[in-house]
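*Asks:* Below you'll find the structure I mean.
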Amino acid sequence: MSYTNKRHTYYGGFTNDLSDTFQYPQRTDEQRRKHVTFGPYILGSTLGEGEFGKVKLGWPKNFSNSSNSTFDFPKQVAIKLIKRDSISNDYRKEVKIYREINALKHLSHPNIVKLEEVLQNSRYIGIVLEYACGGEFYKYIQKKRRLKEMNACRLFSQLISGVHYIHSKGLVHRDLKLENLLLDKNENLVITDFGFVNEFCSRNELMKTSCGSPCYAAPELVISAEPYEARKADIWSCGVILYAILAGYLPWDDDPNNPEGSDIGRLYNYINSTPLKFPDYILPIPRDLLRRMLVSDPKKRINLKQIKKHEWLKPHSSFLSITPDEWDKLNNTQSVFRLAKPRRRYGSRPQSSCSTSSLGSRSDKRDSLVIDSTLITFPAPPQESQNHIITRPASIASDQRLSPIRRSNRHNRSNSAASVALQAVVNADREYVLSHEQSLSPVQNIRQTTGNMTASLSPPPAISPGDIIIETTPIKRNTISGSSIVPSLEEESSTTMQTSKIQPNNMASSQNHQYNKNKTQNSLQSAKNFYRTSSSSHTKPRPTSYHPGSYTTPPYNSNTLSIYEINEKAKSSASSQTLNQRDTSPFDSTPYLALDTCITSSSSIESSPKLITHGQFSVAKPSVDLQSVSGDLIKYKRDADVVTRIYDEKYKQKRKSLRYSGIFSDISCDTVTEESDELRPPESPLQQHEGQESIDKAKTEDTSEKGSKSSNIAKATAQKHVNNHLERSLNEAESTKKRFSFLSLYSYDTSKSSLYSSMDSKRKPSPPSQRRPKKDDSYQTNSKNHYITASNMQTSHQVSKDLPAPTMVQNKCTLETKKAVRSNRSSIMVSEVNKASVDNKAAQSPEHSTAKRVLGFFKRRSMKI
């Protein structure tokens, strides 16, 4: 016999459908939405009403009991709702609200209500506070009638501890009363309602606003209109609260003429004229404390420190001994541990979905703005890129400069160039340490470039016409380009700065910064003898300060910057630095620190007045390999309008022979296309004579009697060794095939050299195969513009290598003598050069025809490629 189970339902009937057994109806979304919500909270019953609105009980609206515990409930909060319309027309009310919010954000004490967060939407501002489930302290006393002394002492000690913490933060409550005191679930006192909170200064803590509730406010607030001491007013309120706790009623309520206390004026007159009375059940010790606290004269009223030390509060002296700083540390420690512990989903206060720490309703959409009390915003510090040696000019913001996204209008720096530059900075520092050990006398060589510079090209986006570039020596690595500062490698060392102003030019990508390790050992010899020291009167830029456009180049002063010096031997073999600002030149790009490779192992500083060792960096130097450029030395007299160029035919021959003989086959540099002598205008005897006179005049100004002898010997010796070196170079060139780099296709733009005169417009153009595609349509040549380019720097090293030791010593003495005699002198870039001074050294050269043959020979060889 089969048996059928008949299960009874909750309404008393029965059914055979087992799917309906013990199934409670599920709430739909529409039923869930019937609850009144504010942000992520469901609003419950009204806890109380205040000046600005109601206080509602709240809890998370997406609560679900996921744990096994039956009594796991979300944390309840008290939400103080304030209508925005009620405060929009009264700025005083709005000030009170935000005062309360800001005060609670800075207060963290167990006896002060905790601010959870602040929410607001289009209608309400909601201040979310912790819920004190014990209720109002006033009702608690009414229920108990009065408290026993032991319990009263415990609660009063908590009140004093909280008030002392508030005062330690520079705040005063000014509205302490029983109605503003709450109890938590453990019957601990909680201070709330900071609507009248205000700040005070330790020097002047007097306040003028009369606030507070009747019977709790100090007499000085009501009777007198003078400023009052706010902390003493809070002490009076605490005394009234203590009296109500012990007696069960308020003091001075026995006036027969004002039994209800409705007449405030009469009440305070009665307070000032009547001594305090106590019921019989209040013991003498608490009476003594009350008599000291409830004194009409605030100057005679006891302070908080004396209250904490009173005999009646000794049982809680350990609690009262906790300082405000210790409360802060304790709260911070608890916060750290609370964040580190894995919290249950609803074990703590619900979070707003708009808050950064939100957990409660991240998926919910609501029209509210969250002001989290725990979020204190601080401005982010300026970010500094430590991976770039030279940053962008100040017109570009730091976030754009550090952005990983490449923009079309920005200079693209290759990673290899940055790596080479960073590595070379370390090498330069190492070389300086090695050179410093040699204890040689430093030679002061600073070259200042001034004058007019004319550019025919459009300004690049990376360099503005007002950008100032300052070159520093490896003694102190401070390089400023526009407004960017490179941190110094050695802060204690002196600084030598070389200034030059960049003119608008077309920008192009930087070309091939090749760093050859084989050249490092050779250049160490040069670095040991090269020093630059700064003038004591020159102001050094601060290495840690950075402000866009704040640095300007000081005007030229011969007393401030040391004069560019040159001796007689250097005139025959010296090389000059260039700023060859032509289209698609590597220097036209954003300034960066270019690597100077010197392949020779010469150690004589006298061989070149602008000798630059390996590993040195400067934004004032061209960013192309210096072996692939050439030029002539320009001698400029400060007061003269004519610039004389010292042209050395022997040096030119040697330079070209070195360039085309394949010496640089191990360096990835560009082939140089150089104009031949046939394209130069012929020299007249008058021009040669004028050039010779200008050289003789320069010799007279630059040397003293002792220096002239040594310079003549150096000149003769240099010419002898130059001739020997030319012969060796020619023999080597005839036996060696033409070597070139694949980068020679870019040689027309990246290493175009020599001095351009007004005859350059008639010059034959280079072959099209040597031209580089132009990136800018604004490229236009101007035949009236002239460029002074740097000569090959290794030539001076080669000459000085062959000089005997006595000659080098004499030249060094000559250089020091000239240093004391020389006056204003500098090397400049000019827009026009006097034709009469071109090739003035050709008349002195006995090998003029040989130079032409050599030049023609290598010219033909280069055209075969």
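Cβ atoms are placed via backbone N, Cα and C, with glycine included.
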*Asks:* Which residue among S441, S608, S845 does Swiss-Prot mark as phosphoserine?
*Replies:* S441
*Asks:* Pick from K34, K75, K80: which one does Swiss-Prot list with L47, G48, E49, G50, E51, F52, G53, K54, V55 for the same ATP site?
*Replies:* K80
*Asks:* When the pLDDT values for the domain 'Protein kinase' (41-313) are averaged, what is the result?
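*Replies:* Here the predicted model's pLDDT, averaged over the domain 'Protein kinase' (41-313), is 88.
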*Asks:* Tally every other Cβ atom lying within 10 Å of the Cβ atom of E49 (ATP binding site).
*Replies:* 9
*Asks:* Consider each pair of residues in L47, G48, E49, G50, E51, F52, G53, K54, V55, K80, all listed by the record as binding ATP, and report the largest Cα separation in Å as a whole number.
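*Replies:* Value for the max Cα separation, rounded to a whole number: 14 Å.
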*Asks:* Select one residue from E51, D175: among these recorded positions, choose the one with the most other Cβ atoms within 10 Å of its Cβ.
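*Replies:* Counting Cβ neighbours within 10 Å, the top one is D175.
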*Asks:* Taking the Cβ of L47 (ATP binding site) as reference, which residues of that chain separated by at least 6 in sequence fall under 8 Å from it?
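*Replies:* The list for L47 (ATP binding site) reads K54, V55, K56, L57, A78, given in order along the sequence.
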*Asks:* Between G53 (ATP binding site) and D175 (active site, proton acceptor), how many Å separate their Cα atoms?
*Replies:* 18
*Asks:* Run through the Cβ atoms and count how many others sit within 10 Å of the one on G53 (ATP binding site).
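*Replies:* Counting Cβ neighbours of G53 (ATP binding site) within 10 Å gives 17.
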*Asks:* Which of the three DSSP-derived classes (helix, strand, coil) applies to L47 (ATP binding site)?
*Replies:* strand
